[in-house]
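Now, the feature entries from Swiss-Prot:
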BINDING   His122, His126, His132  Zn(2+) binding site
Amino acid sequence: MSLVIDFFDETEEVKEEYVNMIRELLEKAAQMEGVEDGTELSVTFVDNERIREINRDYRGKDQPTDVISFALEDMGEGEVEIIGADMPRMLGDLIISIPRTKEQAEEYGHSFDRELGFLALHGFLHLLGYDHMTEEDEKEMFGKQKEILGAFGLRR
């Protein structure tokens with residue numbers, strides 16, 4: 001099982017060990033979810049100001065948030081799916097706020113790496129099509145998160 005993950009650290013604060021942890025966690029999630037080898041995504045670490053801009057411009061919410069997912073497989077009205085014969089599956093992009101990650105880790109009383117892993121996995125599951133808009137969907141998605149984090153050994 002092998003994902004192709006491009007990491008971008010606009011904050012220049014994220015240690016290599018955290019990048020490696022996220023890579024391994026998302027590989028585990030991909031394996032458990034049956035994601036094809038060679039599937040691509042990007043993970044970008046930003047500050048609160050940058051994620052606030054993205055949240056405002058794309059979601060109409062003028063405030064910082066912890067993680068935003070841009071799923072390339074979400075089809076809008078009138079869009080046509082283009083599938084190339086030998087093209088890898090492209091899931092999309094994850095944007096994670098490092099300051100919010102630190103704040104939430106402290107707020108929830110667990111480690112920075114646990115919160116960072118949780119946010120990366122949460123965003124990854126959104127890229128795979130999971131959501132939490134209804135109680136039923138939330139139960140399914142949060143159950144998946146707990147199962148994968150547990151299998152990976154990243155507990156509260």
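A Cβ is built for glycine as well, from the same backbone N, Cα and C atoms used for every other residue.
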Residue with minimal Cβ packing [other Cβ atoms within 10 Å] among the binding-site residues His122, His126, His132: His132
8 Å Cβ shell about His122, His126, His132 centroid, Zn(2+) site members excluded: Ser69, Gly123, Leu125, Tyr130, Asp131, Met141, Gln145
